[in-house]
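See structure below.
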Amino acid sequence: MLQTPMADHAAPAVALAVRDLAVQFRSEQGVVRALDGVSFDLHAGRTLGIVGESGCGKSVTARSILRLIDHPGIITGGRMVLDPSTPREIDLASLDPESRQMREVRGGRIGLIFQEPMTALSVHYTVGNQLIEAVRQHHSVSVAEARNRATELLRDVGIPRPETRIDAYPFELSGGLRQRVGIAMALAGDPDIVIADEPTTALDVTTQAQILSLLRGLQEAKNISLMLITHDMGVIAEMADEVTVMYLGRVVEVAPVRQLFAAPRHPYTRALLRAVPSILARPRQRLSTIGGAVPHPGSRPFGCSFHPRCAERVGAVCMERIPDPVPPGQAGASCFRTEVPA
Amino acid sequence: MLIYILRRLGFAFITCIFISVLTFAIIRLPPGDFVDAYIANLAASGSSISIDQAEAMRRAYGLDQSIFVQYWSWMVRVLQGDFGVSMMWRRPVTEVIGDRLWLTMVVSLAALFLTWIIALPIGIYSAVRQYSIGDYIFTMLGFIGLAIPNFLLALILMYFGFRYLGLNVGGLFSAEYVQAPWSLGRAWDLAKHLPLPAAVLAIAGTAQLIRIMRANLLDELRKPYVVTARAKGLTERRAILKYPVRAALNPFASSVAYLFPYLVSGSIIVSLVLGLPTVGPLLLQALVAQDMFLAGAIVMMLGVMTVVGTLISDLLLMWIDPRIRLEGR
Ligand SMILES: Nc1ncnc2c1ncn2[C@@H]1O[C@H](COP(=O)(O)OP(=O)(O)OP(=O)(O)O)[C@@H](O)[C@H]1O
Ligand code: SF4
Ligand SMILES: [Mg+2]
């Protein structure tokens, strides 16, 4: 298999290592393997982009890390190690989701930013109420002190007049401001890891750009390890240091961002890149979308899951065997094309 | 917010006017007028009055005037607390009704609170533990509660209470307090008699409210803000009680409006069975005897109470939901 080191210079420490994560949703209709052996490393202070079409398991991955997958989803295997190879290392998969330890991780170590800034905040409480609650959950401070911190957080995320906005209800704010509140909420417990699940998908283009630059600024200022989930290759190009490409609950390619755009190795990545209407596309080039619909994870195609839509099949092997997964901690693709013939 | 309140008050006022017109129509419903009825009534008991006397009475009550004038003067008297004279009892209507109106309120409110107290925790439990054994049991009990007519339930409870617990069931007061003036002892006696009728009345409404609460909460539990609350590190209990439960509370506020008339009308039969001194049995007697001043007064009072209930429910909704509260801010 073709492999290259993740980065040329000294690689930063790994903040979160996910290995062989498997998640199933069991119902009367059958078992849906939403995640089927997902592995990746999130490096400290870096941005890991996770990209893939709708339904490939990006949100399930994010929720699994916080142990918040909806019933009837269960983690059936794998590890999610926080601070691996340090004395502090803990495997989140081994914790009880309701344990104090897990709740300290939520918001305290790992903050979560949501896609829908309207529905992710409760309309029944003021911004301040929800934010102060998040601050006090992880810092033993008085209400007054928590309120000061909450105001500062709102200022940090670029909300004008935070002293008055803190008493507003979410429905009194614009979508962009609401998403800023959502970011403030994720940061309230001073987490060192932030997972942003399509943080700009629901916003208009101008606001999108502002929120992305805010995220980048905050990441630098607070040295945050950012896991950025998106289905937009443009966002990946702009934000990510490393990229994990997912397809039907599996990781199909891992690469540093430059390498991914310059020399994508997996046919699925190439197809995604062709579909981007971006500066990368040559003028008047016809936009290509990937042919065929994403199969449901419940009816995963035999062999390489991508084979029904793959334009670059190497032969019968694609229909018969599953290509090896990308080796953990390394760049590579899970595809027979990239496997060196023995 | 002010606009909201004013609008609600306006609606309440208009509804009250409609109720009064309806009441007036009820009073005027029987053929002939009140004096004819009065004469017939006297004749039945063997006495009579002269035609002159009858005419004088008609003038005194303004029955020779146009219908609008009659309505107006009736309204003026009603607003002064004068609902006329009950033919059946030959006493002012207000005197006949006496405590009964307040006792009706007390029984209905007790039933309403009981409904809430039972429906809230069970509704939450059934939604959070959807399809658990407990959920199924409560669902089944709820349907049984909905299906049994409450007078039957009253009879059953009375039978068992009397037969096996030796309770003095029925009524709202023990014998020694029935005629007594209000005192702490009488109030305590009332409190002791309340649970049975309140429970009987509450059963069906409770079953209904549990279903609504469960469905609403199931909806809310799926919303992203619940994940946000969990992702902050809140305990499951706190995350659920503070956010989705709060959002699912709206039907509780609305229940004041729709359960109240239901409880009041439901209380008529239950009151008959349990021998409660509420307005229910009185209304029934008044209707049978065509005692229209009494019937009208009761209908009107219940109608106005219902309007007040609706108003309270609107204010509760406003208190629960900041979107309504801040309308037009
Ligand atoms: N609550 C659930 N019940 C059953 N299956 C689920 C549930 N949540 C997710 N899944 C399954 O997991 C798969 C992955 O879902 P996920 O939400 O992670 O996709 P995604 O990559 O985030 O897509 P999107 O871009 O639309 O957000 C879905 O296709 C679905 O089959
Ligand atoms: S393994 Fe075969 S089918 Fe799958 S992506 Fe590679 S070439 Fe295409
Ligand atoms: Mg998603």
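Using the three backbone atoms N, Cα and C, a Cβ is placed for every residue, glycine included.
For B:9-27 (among others), the entry in TrEMBL reads transmembrane segment.
According to TrEMBL, the transmembrane segment annotation covers B:101-124 (among others).
The feature domain 'ABC transmembrane type-1' is assigned by TrEMBL to B:101-317.
The feature transmembrane segment is assigned by TrEMBL to B:136-157 (among others). Through the fold, the transmembrane segment (B:136-157) approaches residues 122, 125-126, 169, 196-197, 199-201, 203-204, 206-208, 210-211, 266, 269-270, 272-274 of its own chain, all at least 6 residues removed from its boundaries and within a Cβ separation under 8 Å.
Residues annotated as transmembrane segment in TrEMBL: B:194-213 (among others).
According to TrEMBL, the transmembrane segment annotation covers B:256-280 (among others).
Residues annotated as transmembrane segment in TrEMBL: B:292-320 (among others).
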Between the transmembrane segment (B:194-213) and the transmembrane segment (B:292-320), do 3 or more CB pairs sit under 8 angstroms, pairs being 6 or more residues apart? no
Range from B:9-27, B:101-124, B:194-213 with most C-beta pairs under 8 A to the transmembrane segment (B:256-280): B:101-124
Given a Cβ distance threshold of under 8 angstroms, which distant residues of the chain, six or more beyond its ends, lie next to the transmembrane segment (B:9-27)? 34, 71, 74-75, 78, 292-293, 295-297, 299-300, 303-304, 307-308, 310-311
State the non-local partners of the transmembrane segment (B:194-213) in its own chain: residues 6+ outside its ends, Cβ under 8 Å from one of its Cβ atoms. 106-108, 110-112, 114-116, 118-120, 122-124, 126-127, 138, 141-143, 145-146, 148, 150, 153-154, 157-158, 161, 169, 172, 248, 251-252, 255, 259, 262-263, 266-267, 270-271, 274, 276
